[in-house]
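Undergrad: Before I ask anything, let me first share the structure, which is written out below as structure tokens.
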Amino acid sequence: MTDRRSERSWEKALRTAAMLSTGGALSGCDVLKLTVVNHAGPIAAAQWHLYVVVGIVLVFVAGPVLLLTPIMAWRYRLSNEHSTYKPKWDFSWWIEGLIWIPPTGIVIGLAFLLWTYTHRLDPYRPIASTQPTVEVQAVGLDWKWLFIYPDHHVAVINQLAIPVGRPIHLSLTSGTVMQSLMVPRLGGQIYAMAGMRTELNLAASQPGVFRGENTQYNGPGFPQQKFDVVALPAPDYDRWLARVRAAAHPLDTAAYAALFQRSVPAHPIYYSRTPDGFFGYIMSRFRSSPTENER
Amino acid sequence: MSADEVKHPGINLGDTRDLSHRDAEHDLFGFWIFLMSDAIIFALLFATYGVMLVGTAGGPTPADTYKILPAFIETLVLLTSSFTFGMASIAMKHDAGKVRLMRWLAVTLVLGLIFLAMELKDFATMIGDGAYPARSGYLSSFFALVPLHGLHVAAGCLWVVVMMVQVAFFGLDERVKVNLLRLGLFWHFLDIVWIAIFSVVYLQGLIR
Amino acid sequence: MSASVWPAVLGRFEWHALPFVRAWENPTLNELIGAGAAAIVVVGAIALIALITLLGKWRYLWREWLTSLDHKRIGIMYVVLAFVMLSRALVEAMLMRLQQATAINAPGVVDPEHFAQLFSTHGSIMIFFMAMPFLTGAFNYVMPLQIGARDVAFPLLNSISLWLTGGAAGLMMISLVVGTFSTGGWSGYPPYTELAFSPGVGPDYWIWAVTLGSIASTLSGLNFAVTIYKKRCPGMTLMRMPLFVWTTLCTSILMIFAMPPLTVATALLALDRYLGFHFFTNDLGGNMMNYANLFWLFGHPEVYVLILPAFGVYSEVVSTFSSKELYGYTSLVLATMAIAVLSFTVWVHHFFAMGQSANINAVFGIATMTIGVPTGVKIYDWIWTMFRGQVRFTVPMLYSLAFMMTFVLGGFTGIILAFPPLDYLVHNTLFLVAHFHNMLIPGLLYGMLAGYHYWFPKAFGFRLDEKWGRVSFGCWVIGFYLAFMPLYVLGAAGMARRTQEVFEPSFRPWLYVAGVGALILFGALASLFVQLWVSIRDREANRVTAGDPWDGRGLEWSTSAPPPDYNFALLPQVRGRDPFYDGKRDGDPYAPPPEYHPIELPRNSMTGPVLGIVGTALAFGLVWHMWWLAILGTVMIVATIIARSFARDVHRTIPVHEIERTEAHWLAAVAAARAIPRQLEMTPLNQGLAAVTR
């Protein structure tokens, strides 16, 4: 993972430029701090790297059109009597070659890039690391996210605390309609569907609070369905887990029924104890057939 | 294009106006395209059926549900009706007279109705055995695909009736001939779809 | 009647379905906006009916327009429908921008439910009832003229398509007054749109409006394809067809193959909702992923259904206003066909995030990028068409230039979205919204408006006002950039699409800019209407009766403006690719033929209006569970079709003397007109006769 984390200097410069481009005085440029430009994890860093590469290639694709269109239109305007007029000229093999072959070449080149990166950044691909992976199970509900920590038998609503530097493996399902989980600064997005399990691998490389959200419309509470991803250094993460465990608020029958009611909780809710196999249980509420979206 | 080039081989418009020949050509070509579009609807329902086969939700499976013998007899009935419709088309093409044409159309109609009656009975049996469409995703897809074909057959039967009335009413004028030819395409198309249903749904159901 | 009868008659209708009742009981701003919109529909409809009655035009309207099977009239009615629906959907867009700009840590002007209806109707209308009627109208008007035909292959079917589309659009309007619309977006993804989560009438309105529209489009596609294959005039070989006809053909093929998946998707959703089937439900073996596949198997080719017609318009416009042959005709034809075929191979890129394997995502991502090649070729072909030409910056040409510059930016972001790893970051955000508006506004709306300005003189016999045309053009372009460029930034910052309330203060300036952009876009639409009014007012000064205001190239310019019912007194003989342009240079295209023959045309029919009205009634009955109405509607449809099959007297013949009179009238106008050079084409001197430069 180290290669992803070490940024090239020109990329860094570009990143700074992008941050400053709209002028520091405007509050508008704060927006960029929320984007992948301000990435906080290896996946997002690699995605930003890919953005830059693709963006540079595309400048050469779009550039000629942006230049040639006004030049041709102006040069050959009716009132310009110095320009040649050849009303019957309608073909040249040279131009044909020029407009078919280089674009095809660029697409072939991009195709290799796409193939490589789609596999390297496949959300299902575990992040290679010397540190042990943290298992988290996410359940999309109306209109909140439930994050279950199966190894610790605790769960939290609308807060995803993760240890900095350790890979996170998320399993997702939905307790209701389809939803989609995204954390722009950490990268990735994957749908959560009832009765099915999808996966997402993420990691944070620096401590901080990052915004996570559901991006798939699912009813009136949709705009409020946001959560904080809190990336903590290892000792703080353990302390956080202890705090959840100490909440003395197990996920019992009453709490379970409340989960499936349409609501927007004002604050994160800690569940000090969850039943074994809770995620699988939620999945099987719907699934009465083997249509699990696993591979 | 001269009218000779576009004369439709399956139709006997005789020495009518050139325009009629050309219109007949358009009408039939248009109907082929319509059938192509309809075939896509069936293709997607077949694909949906394939996707949903696993979604039995603990309910009846294909092997529990299908009775192959009635389905096989239905196949024979429908194939025979295609043959009898073919005889009707030949009667029309060779000016064999209204009576013969009407007779073959009537036979086709009766076979179509027998098919429908048998199919409805099949459905009734299935539903009686607990294999109703709301039971599972798999049964939903079965009851979208197969009855849609049945609905087509029913529409075809109605169309045969209308055409018989028109033959009686107008005799064999241009419009009647063109429409009979279109009906023929429709009827044979339903046969092809049924063969696909019989092989994909019923025969494969035996081994599941 | 006893109380128990009412539910059988009214289905699930009750008084609170009317926004007026809701606003009366609970007069919040949100409800008042809803009631106001409904009032506009009701008052508008009443005013229209009153106006027609007052002018005594019902008979004229019925005979000359509503029952007409003339492809030109049907085309015009489609475009009128498109403008009406464009107005509504654009106002909805403004309301959404207003909402987001005012809802930063505040409730804004409309509540979440209402906002969800707004984005659902905006999308559904813009795609199905603005874009589709607009391009279908353009095909209808122009294509038969361009291939030298007297009408489409199936004129009655054409009228039925129009009326089904109109009926479906009417259903959208009714949903504003009675009940509520779907909140599931234009794509109507289940399980959200299933009964378990959306029990109201909304999704049913969506299902039936879209189903009627998709059936109408399938029939239109079939009609145009047969017309192009079978009704070209002598000498019009495939490789001599104008590019607009080629794009019509490709679009029609796409419609024939891509509309059925939509019909299947909505029909299966309807089975789930009405009969308790389990196609896309969460439980009992339903699988919503199948819906995503079916919908986008339609949805992606649909993108090219929308964009290819505009490509056809640009090909005509750039060539005409550069006074030059189209560069790379064969290339353009191949590119168009390649796009049409490839469009069926990319649908998965609409849901890269659904958890399929990296291999599948990569294959579909690469297929998506591949479409960029033929698209790029087309843009370059237009650029090289201007090369060594004589370019005139008329309104259609301005739209074409703005399109080329803007569309490329959309292609840029399209390639980004084609990369699955990049898509994960911006999927379902405003970045995506910005991208598809960046494709469809230049790639559809500009094209249709260019076509509207280009062919309007042909259809009505006078030019549109140039000044207001330029004002409108400027507003469409500036408004577009202001409204949508900020959305790219917001999307990259993770602002999800369909967001009714915003909790990120840093989004504020961008949302304000986008709001201003929406206002300017509304100004653009308003200027179009002003332009139409000014043009009608000044029509006598801008007449182009002779029929050729732009030194046109195709057969459509070789008739009077407006063309006679029969289009061509004698079917033309074509010898090359620009038959009329070459005809003007090689001889006298206005020389009358030695003799005329009687012409047979389809007689008017009320089948279309009846099917449209009955179809809408059926859909309305289904939405409200008024089963008697649904059954009655079904029976009426079958009965109408059977009754029509008994009709035999379906043609009328135009006698020779009438043709002679019409033609003589036109030829006199041609003789009286002054041939003008291109420098003067925007002046009142332009009477539709081009000075020929050899």
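Each residue, glycine too, has its Cβ placed from N, Cα and C.
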Undergrad: Which range is it, out of C:358-377, C:378-397, that shows up in TrEMBL as transmembrane segment?
TA: C:358-377
Undergrad: Given C:162-185, C:666-689, which one carries TrEMBL's transmembrane segment label?
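TA: Checked against TrEMBL: transmembrane segment maps to C:162-185.
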Undergrad: Six or more residues out from either end of the transmembrane segment (C:291-314), which same-chain residues have a Cβ under 8 Å from its Cβ atoms?
TA: 127, 131-132, 135, 138-139, 187-190, 214, 217, 242-248, 250-251, 254-255, 257-262, 264-265, 268-269, 279-280, 336, 339-340, 343-344, 346-351, 354, 378, 382, 396, 400, 403-404, 436, 439-440, 443-444, 446-448, 450-451, 454
Undergrad: Restricting to the same chain and to residues at least six past its boundaries, which positions have a Cβ under 8 Å from a Cβ of the transmembrane segment (C:76-98)?
TA: 33, 65, 108-110, 115, 118-119, 121-122, 125-126, 129-131, 133-134, 136-138, 140-141, 162, 165-166, 169, 172-173, 448, 452, 459, 483, 511, 514-515, 517-519, 521-522, 525, 528
Undergrad: Kindly state the mean pLDDT of the domain 'Cytochrome oxidase subunit I profile' (C:56-575) in the predicted structure.
TA: 96
